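**Student:** If you scroll down you'll find the structure; I have some questions about it.
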Amino acid sequence: MAQQKFLHQRPIQNPFTNPFSSSPLSTSSISNRPISLLSRNGLLLLLALLVILGVFLPWAGSPLFPSPNKLSPSQSKWRDYSLPQAVKFVAKNGTVIVCAVSYPYLPFLNNWLISVSRQKHQDQVLVIAEDYATLYKVNEKWPGHAVLIPPALDSQTAHKFGSQGFFNFTARRPQHLLEILELGYNVMYNDVDMVWLQDPFQYLEGKHDAYFMDDMTAIKPLDHSHDLPPPGKKGRTYICSCMIFLRPTNGAKLLMKKWIEELETQPWSRAKKANDQPGFNWALNKTANQVDMYLLSQAAFPTGGLYFKNKTWVKETKGKHAIIHNNYIVGFEKKIKRFRDFNLWLVDDHASESPLGKLE
């Protein structure tokens, strides 16, 4: 687990375009002579038809490619649902909790939602859907709690860590957060491969601009400093972009703008295979003197490389954990297995506790 402005300037691909429709052909482009299926041209046409059917038919009933003729009135409504409308609907006490989700991540969304519901904060959740299938599924089950900010992404590539699709997916995050700050709301962002064990809001001490958690596995003392840690070997810190809380201050907005700038100057390439986290850390380091920052307690917000790999530390800090992040591991099945091993995969037995219920 940055919305650069150029991402919004790309031509928007309409996922509802019918792949089988075409404009009428002019009579000048069609021969009046009948084509025999046994002729060379006939065989080529037949082969082309079979290829087209083989490619598109398996997707015909897929939720990722809904037909424009099959859109219900409610689905059409959600296509026009805006971020200001959505934030106003879900916000409580001036605060909204957001996550960004593509269709393959729905099981993780549901698992995370169960844990959020147990802390009585589910009504504040806004799912930023990265594809129309997610938008429709969430709003079908939980009306008003999902919004799509165009352009929609390819959900089949957005979840592959290190891919350009994954970069495009994560790179939109600071722009989403900045837009919410500009609307005047506090915002908490979570990756959905997380589980809440306690209410994290009790740890947001003071009135700082930005709160975040360290992604390092080195054990800190329980009374460690809450200042931004010193840079590591790469010249920057190693803060996780998976869990962030921001107040609608000039400092928080400056941090998001700098994050966007960093992602624009360090785009994805086959050589680097970047994600959004290095850009976030450079932004933190470059604005440290202008933004009031707060490093959250390691005991309450441990990285997965510590929580899942150091049993002694987990026992010593028992009862202090607020949010567990299932990182330092790649792959859906591996993440699910690890959650199950630690009794944190809640959807198997507790799906009814999620606002989405059991997802088929």
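Backbone N, Cα and C atoms are what each Cβ position is placed from, and that goes for glycine too.
The feature compositional bias 'Low complexity' is assigned by Swiss-Prot to 14-25. Annotated N-linked glycosylation site per Swiss-Prot: Asn93, Asn168, Asn285, Asn310, in sequence order, evidence recorded as sequence analysis. What Swiss-Prot records for 1-25 is region 'Disordered'. Positions annotated as topological domain 'Cytoplasmic' by Swiss-Prot: 1-41. The feature topological domain 'Lumenal' is assigned by Swiss-Prot to 63-360, with sequence analysis given as support. Taken from Swiss-Prot, the feature transmembrane segment covers 42-62, and the record attributes it to sequence analysis.
How buried are these features, and what lies next to them?
**Tutor:** Asn93 (N-linked glycosylation site) falls outside any helix or strand according to DSSP and counts as coil.
DSSP assigns Asn285 (N-linked glycosylation site) to a helix in the three-state reduction.
DSSP classifies Asn310 (N-linked glycosylation site) as coil under the three-state reduction.
Averaged across the topological domain 'Lumenal' (63-360), pLDDT for the predicted model comes to 91.
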**Student:** Tell me the Cα distance separating Asn285 (N-linked glycosylation site) from Asn310 (N-linked glycosylation site), rounded to the nearest angstrom.
**Tutor:** 29
**Student:** Far apart in sequence but close in space: which same-chain residues, 6 or more away, have a Cβ under 8 Å from Asn93 (N-linked glycosylation site)?
**Tutor:** none
**Student:** So if I measure Cβ to Cβ from Asn285 (N-linked glycosylation site) and keep only same-chain residues at least 6 apart in sequence, which ones fall under 8 Å?
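**Tutor:** Leu228, Pro231, Arg236, Thr237 - these are the non-local Cβ neighbours of Asn285 (N-linked glycosylation site), listed in sequence order.
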